[in-house]
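**Q** From TrEMBL, here are the annotated features:
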BINDING   Arg42  L-glutamate binding site
BINDING   Trp101, Thr151, Asp175, Gln198, Asn240, Thr241  pyridoxal 5'-phosphate binding site
DOMAIN    5-360  domain 'Aminotransferase class V'
MOD_RES   Lys199  N6-(pyridoxal phosphate)lysine
Amino acid sequence: MSRPYNFSAGPATMPEEVLAQAAAEMLDWHGSGMSVMEMSHRGKAFMSICAQAEADLRELLAVPEHFRILFMQGGGLAENAIVPMNLSRGGTVDFVVTGAWSQKSHQEAQKYCHAQLAASSADSGFTTLPDPASWRLSRGASYLHLCSNETIHGVEFHELPDLRALGSDAPLVIDFSSHVLSRPIDWQRVGLAFGGAQKNIGPAGLTLVIVREDLLGHALAICPSAFDYRTVADNGSMFNTPPTYAIYVAGLTFQWIQRQREGDARGVAAMEQRAIARSQLLYDAIDRSEVFYNPVDRAHRSRMNVPFFLREPGPDGAAYARFLAGAEARGLLQLKGHKSVGGLRASLYNAMPLAGVQALVDWMREFERTQA
Ligand SMILES: *Cc1c(COP(=O)(O)O)cnc(C)c1O
């Protein structure tokens, strides 16, 4: 039985090997006689699973020693409040708004700090990124927030800005929910990175926070203890019960990434090569087409999330319905665009094989012929 190709933006496709391993270990983890789900989070077995997951993530992303890795809950949306509660000190925070997710972050932060709009690409319909040289940076800002890959609008910062070169001492905060582990991170430019696991890692319920040690310990008094980074870090992410099963499955995914090779590249470097190959295959097919188009500035197109549209959707978008029905019949699932932008979207995360993208491109060609 072959599995369909799942292009969902999240929760999203996972490596079949990881699912098979989780299934094989479901009833009895390593001779313990227990499922990981049944284990005490403070017992030796789970503590080893958690420590290994953290060490593997640190290795994969080359996270320096002076950064802490926190396993939290609440997802990206909760972090929109938790980050300003921990880092803003109630002062000014700069936001670069480049799509739906950074827009939500900017709005939520207004409850906790003076959230300043440093730059926005709203005028372009979020189809490009504002040039960092044009950002209006506040003096003494507690941090600057950006979303390094906009999952809905399909724009990605392929290079993170160097805020020091722009004359700012503010730490950079990135929401890397939808590209984490698809490319290396330049930690010299980052103060904090956060993201939910359900896009590119594993099951929903786990939120990653990777934060520079010196940024801990400044939470506002109203910050819930369970969301105070200092408290979470001091307790090894076990101040309260962590999402144990999600951490375990994420750990299996980290090990899967460590095993991947593309030529001389391994781990995240191999993931990056595959992300480039998958996205190029799809963007090339879209750009060559007279039926489909992608509105995003080529320099800033996302390698993970590709929104695309029909030039002639027909009355009530009938052509979209036909495309989606044909896709589903071919085992190409979850290609409907986000409701706020419409059209189509293919999410091409680490677990999506190139063959899945090829199958999508084949269907697009066939659809084009029937349109003509
Ligand atoms: C999905 C997503 C979120 C929201 O995550 P939740 O886990 O639903 O809170 C935030 N930011 C980005 C970039 C996302 O893709």
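Any Cβ shown, glycine's included, is placed from N, Cα and C.
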**Q** Would you kindly give the Cα-Cα distance separating Thr151 (pyridoxal 5'-phosphate binding site) and the residue listed as 'L-glutamate binding site', rounded to the nearest Å?
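**A** The residue listed as 'L-glutamate binding site' and Thr151 (pyridoxal 5'-phosphate binding site) have their Cα atoms 35 Å apart.
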**Q** Among the binding-site residues Thr151, Asn240, which residue has the fewest other Cβ atoms within 10 Å of its own Cβ?
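**A** Least crowded of the binding-site residues Thr151, Asn240, by Cβ count within 10 Å, is Asn240.
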**Q** Among Trp101, Asp175, Asn240, Thr241, which binding-site residues lie by ligand 1, judged by Cβ under 6 Å to any atom?
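**A** The qualifying binding-site residues are Trp101, Asp175.
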**Q** Which has the fewest other CB atoms in a 10 Å radius around its CB: Gln198, Thr241, the listed binding-site residues?
**A** Thr241
**Q** With a 10 Å radius around each C-beta, find which of these recorded positions (Arg42, Trp101, Asp175, Lys199) has the fewest other C-beta atoms nearby.
**A** Arg42
**Q** Considering all pairs of residues in Trp101, Thr151, Asp175, Gln198, Asn240, Thr241, annotated in the record as contacting pyridoxal 5'-phosphate, what is the maximal C-alpha distance expressed in whole angstrom?
**A** 30
**Q** Between Thr151 (pyridoxal 5'-phosphate binding site) and Lys199 (N6-(pyridoxal phosphate)lysine), what is the CA-CA distance rounded to a whole number of Å?
**A** 9
**Q** Whole-number Å distance between the CA of Lys199 (N6-(pyridoxal phosphate)lysine) and the CA of Asn240 (pyridoxal 5'-phosphate binding site)?
**A** 24
